[in-house]
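Written below as structure tokens is the structure these notes are about.
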Amino acid sequence: MVAIPRLARLSVPAWALSARGRFYATVSTPQTLVEKIVQKYAVGLSEGVKVRAGDYVMIKPEHVMTHDNTGPVISKFLSLSCSKLDNPRQPVFALDHDVQNQSETNQKKYKKIQAFAKEHGVDFYPAGRGIGHQIIVEEGYAWPGKMVVASDSHSNHYGGVGCLGTAIVRTDAAGIWATGKFWWQIPRIVSVSLDGRLSPGVTGKDVIVALAGLFNKDEVLNAAIEFTGSGVEHLSIDERLTIANMTTEWGAVAGVFPVDDKLKEWYQGILRKAELRKFISPTVPSTVGAKVHPRLNAARLDDAMTNRVVADPGAHYAARLSLDLSTLVPHVSGPNSVKVATALPKLLDPPIPINKAYLVSCTNSRASDIASAAQVLRGKKVAPGVEFYIAAASSRVQEDAEAAGDWQTLIDAGAKTLPAGCGPCIGLGVGLLEKGEVGISATNRNYKGRMGSPDAIAYLASPAVVAASAAKGVICGPESMDLSQLPQYEQPKFSIIEEGAAGEEKPVEVDEASLEPLLEGFPAYFEGPLLFAPQDNLTTDGMYPGKYTYQDDITPERQAEVVMENYDPTFAATARELRTALPTASSPSTLPGAILLSGYNFGTGSSREQAATAIKNAGIPLVICGSFGDIFKRNSINNGLILIESPSLIKDMTERFAKDGVRNKGGKDGKLTVVPEGWRIKVDSQRGLVTVNMGEEEEKTYPAAKVGRSVQELWVNGGLEGFIRASL
């Protein structure tokens, strides 16, 4: 608990500068790699302000990719009365998910998207060209030191080439088309040091499978990861892409590798190939017949390598994780969970029979992956009773694999080919797992029902292990793998240091003169009684039951009546009582209203935006938690519900009011929602302070993340749609 005197200069603990408790940054504040990239793309900042983890910022990304979901984004864009794109060079359309679907309905949808791209001059890649994430890297949209977003959860993929990639929702994509920008809260940043060197037969896929299994207690949940360490230089770029891609399954919102000489050499190879081709976009006349690629060219590469973006010495990280690569053996993820990772040797006895094997997806279907599988299967056949499906990450990858002879090797072994696209990875098309079947895949997700029947079992592994398993009919490694030569450790060596919880309270000077002014119309203070739901991982279904989700005619008043129904049936009545008893605001700049407090990962689960609007309609203008689910956060702020993170406040509330001093058991009084009698809470929007008035007890003030200017802009315009209309 931190008591902060009300002085012109405030003294707070050093840990309050972490992702959830920072007040502001000064010119001299060291920045991480992620913060530096965001700094380049943040717009509307006051002069001299440096962004930090926890800040809400308005971002103008280099590019935004949409895939088959471009159709709904077009509908949202048109519903905003938009007639033209803010910057036609910013969006990229790549059709990749349902490419096996030749139905009239799907083909009509694809043609509509292509026509929209042609009308507005947007780069368009048709079905069969490849998976969007592969294309974004392959065609140079993702680039070292840049920031690229996509309406797909595996946008983390771009971090493999030193590009900050993160996912957005469809409404954000429409907003970017219209205004060129979107809001983002810079996540807490975790450093992951990969040390040593992998043994022969161990791959980048084994690295990320092991990381997700070893650090499976939400250590990187909703964080941005920066990979460092001596082992990075020994990882191929394809391996880095695999690792970055699956940081999504690990729980992170981004995973970025450094820009180094190995990346430079890789791009030089790409450029040599590019010189042999002409560059034709089917929708952009300016590139037709061009001799120099608009993105993949020597001048651009020289600029990226000369002006490399690197973290500052002394930059702050919420945590530091490490993994000794030299102690790692091949690992398998599952069954049906990426949080379960087992060393391959432990799965050999008793053998695990399989029915299907897959070498598909943006995770592991590049030319090097196909070559690895071909090396295992050369001269062999897929085992009787096993179906082995292959699909290249892109048509260009398939061309390279065909030229090398690897594609034909897999076909000769009995592999069944699929078009370049997502296919079985997303549970679409032929070859899905059926009830009772077991599959092993080089993809990124093995959640129950993801690749077919919910009554099937799915494992994840490297391309070599998948190919070997297809040949043997059981999960195994290649014949060339000598288990006795692998590192002999019970488990890989790893460690974690939580910097944010270090507890060393060095005073930090915060100058009032450096505070940014609030936008006109945004409340300087939020004030009112508090409700505390002592629960972690409170789902959106708990906030707004699924049975109401598709009642499109439901009123705001009715939403308020059912809010939190699945968590606490009495919550709505409690909130109504507090709302009707609210006193007059203490000042014109104060917005009165009950304030909801809860635990960590508040709003996990379904993406239903009614979870946010129901809370707001219940008269709760602001929610304070330890952390929030990322999609819930976006839905809330897009609809004008303010969210603030203050771990220290939640810690004290838990100790005082939660049963047994821990969350997830309800309150000490037996109620699921605690309303401390006589207590009031006041949030200072500009300073990032939360003051709790405990009735007859002393006031306590806690650090919290400030309400950023980007969030203020949305709020004063009534939400994202109002902001977009005001920006046109």
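Note that the numbers count up from 1, one per residue, in the order the chain is shown.
Cβ coordinates come from backbone N, Cα and C, glycine included.
Annotation comment: Swiss-Prot describes 1-24 as transit peptide.
Annotation source Swiss-Prot lists [4Fe-4S] cluster binding site at Cys362, Cys422, Cys425. Long-range Cβ proximity for Cys362 ([4Fe-4S] cluster binding site), meaning a same-chain Cβ under 8 A and a gap of 6 or more residues, is found for Ile131, Gly132, His133, Gln134, His154, His157, Asn245, Ala393, Cys422, Asn444.
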* Asked: Using a 10 Å radius around each Cβ and counting other Cβ atoms from all shown chains, which of the binding-site residues Cys422, Cys425 yields the largest count?
  -> Cys422
* Asked: For Cys425 ([4Fe-4S] cluster binding site), what is the secondary structure state per DSSP, taken as helix, strand or coil?
  -> helix
